[in-house]
């Protein structure tokens, strides 16, 4: 090998050039300590920040004392001092931010649900929220707009202040705004349901006012992006045309819901989010062109940096794009200069700077994925590529194989913690799309650049990118359709740490040839055993289910199939997020056509964030009784965060879907004022719904008690139903005349094991079974499904069966008492 200066093609070759060389990890502890300090302040508030500052100060003090005692400072002690000092600075900074957030008057107004008028500067593009319609009504077209506060007025208070806010707005008038524009808006404030530094969410009513123009570079970028979108629409079919702008410049406004869902399932979503890989492709194309002209590596690095700057302008210099520029840019240029060993310090420095400039990035999933993927590129990929080349794999093929594999491995724990699943098709799908990503990205960017000069040339670029984009759509579609393509996994921090441990053990064991061979044999055996069984449809949910009572403990949560695959109507959400989220995951729910909350008690609304998390929701509906006030505020905040409009339902309303009709039967006489401390009054304000499904009719009664039941009987409301969701968890507050009017064939009792209310009432259960009603309880049977079958007895009524999943939730532990 030549010993001369290495050119821009030296990427991933450092291991071969310097055998045994170890990466420079000296800045890594400082970056990790800074990250930990920022997390402490974000999650623990000012108290967490102060604790992190104290621990950091102790670390610095220990390092200084050890250096003075020995008289010989060592690199490890310098590292301790650097990590402690950086963490201390970060802790002080996040404490100041957290204290300011708590004292922000707009946050206090949001806690009250106050009306407000704000003046803001947009910090990113408006993001469309995909919403299907509910009932016979089309879904509202809305967008989510990240912004920075300039001033705010709420009640008698007017403040000039700063802080991050999210605007939930109508699409009309908002979807064409650009980052950097300053606008005024009016609406209702709601608390932010996130642990970062977001002050509040504003549900905007109407169009933006007093709109100021965007900076010239944002306007220019918007023109180029529009040109690419129009060229793709003229040159390609709908799905590829919507994907190309997202792949090239992160513009997903025309991306179809089907492609979006397939990319998510196949683990390809990162391709449509501007990241370091986009920047690497653009700068790499420039470096490749310069290599043909044998340009000096330093000149090549400068021109690559200019290409990155230009791409950042095209993709809009929002915080996410700037983050990607730093992550991808510093590493790419370090590698291009033939100094791959400097990539880790560059990455660590980038993390330090970005966290100190924007502490909220410490909780940003995209930031974490970017750091992990970039770290895998500079630490794992060169070693793996060198080993493959040593076994005869051609250099280009070696890099193409190891880069997606290393990135998938590094990001898998975080993705598992966020999604609650481990994709089994992600690595293969990413390997298959490698040949298509770069050409499509380069041609897409080129089409955007030339679009103002020649729309025909832009259309030609889009047409040339067509085969690559079609291949991406094809791979995503088929990968998403693989049965058992994703394994369930514990979510949250515990799930992420568990998968990290598993991967570390496997990597350690895989270093030994014999154990590696054994692991491969075991893996092959598991695939042979598990894959065929996973191709067979699982036992849950049962085929033809129309309704499912979720086992959510002491509370209500019932799911109704709409006839549109993956979309449901949900009535109540139980007391806790986790159980509700898990039930919907088990049913394969992808979106919620309508979430109905019968009334605002905690055991019916407590799990609302678990239901709405990562699921597009068309609307959230409440009844005429809006007490207790805290419950309404919680629901409004969750709906605002999910981008779902909050609507009202009242007796007489009917809603329809392809395989579902819901009639609102009650309450018939809701009080204008209900004492929030009067539990019976709030219960009697519950919505009463009658759902017509392929399995028969289902009466959903919330927690209605004797007065509301009497109102329905006296008004002659048709109550007969095949299935009765028992009122108030089967308590004694149900009348015999009410049960006789319903005449159910089956009754669902949503109740928690060992609950202190002693629900359900034994006498009520005896009355049901004595009348020949089949009773299913979630505390005994877990999730319970109502399924449809063909009419076998010719009576015209649908055949119906109850199917229990089993594995009910255990009774909660008690610390004492009876």
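For all residues, glycine too, the Cβ spot is worked out from N, Cα and C.
Along the domain 'Metallo-beta-lactamase' (554-754), the predicted structure has mean pLDDT 90. Taken from TrEMBL, the feature domain 'Metallo-beta-lactamase' applies to 554-754.
The region 'Disordered' annotation in TrEMBL covers 786-818.
Long-range neighbours of the transmembrane segment (47-66) within the same chain, counting only residues 6 or more positions beyond its ends whose Cβ lies under 8 Å from a Cβ of the stretch, are 33, 36-37, 40-41, 77, 80-81, 83-85, 87-88, 90-92, 94-95, 98. Look at TrEMBL and you will find 47-66 (among others) tagged as transmembrane segment.
Under the heading transmembrane segment, TrEMBL lists 78-98 (among others).
The feature transmembrane segment is assigned by TrEMBL to 271-292 (among others).
Per TrEMBL, transmembrane segment is recorded for 299-315 (among others).
Per TrEMBL, transmembrane segment is recorded for 321-337 (among others).
Remote same-chain residues near the transmembrane segment (344-361) are listed as 23-28, 30-31, 34-35, 38, 41-42, 86, 89-90, 93-94, 97, 164, 196-198, 319, 323, 326-327, 330-331, 334, 367, 371, 374-375, 378-379 (criterion: CB distance under 8 Å, separation of at least six residues from the stretch ends). What TrEMBL records for 344-361 (among others) is transmembrane segment.
What TrEMBL lists as transmembrane segment is 367-386 (among others).
TrEMBL lists 398-418 (among others) with the feature transmembrane segment.
The annotation transmembrane segment is assigned in TrEMBL to 424-449 (among others).
Long-range Cβ contacts of the transmembrane segment (461-481) within its own chain (Cβ-Cβ under 8 Å, at least 6 residues beyond either end) map to 228, 231-232, 234-236, 239-241, 243-244, 247, 259, 261-263, 265-268, 271, 425, 428-429, 432-433, 435-437, 439-440, 443-444, 446-447, 450. Annotated transmembrane segment per TrEMBL: 461-481 (among others), in sequence order.
Under the heading transmembrane segment, TrEMBL lists 493-510 (among others).
For 517-536 (among others), the entry in TrEMBL reads transmembrane segment.
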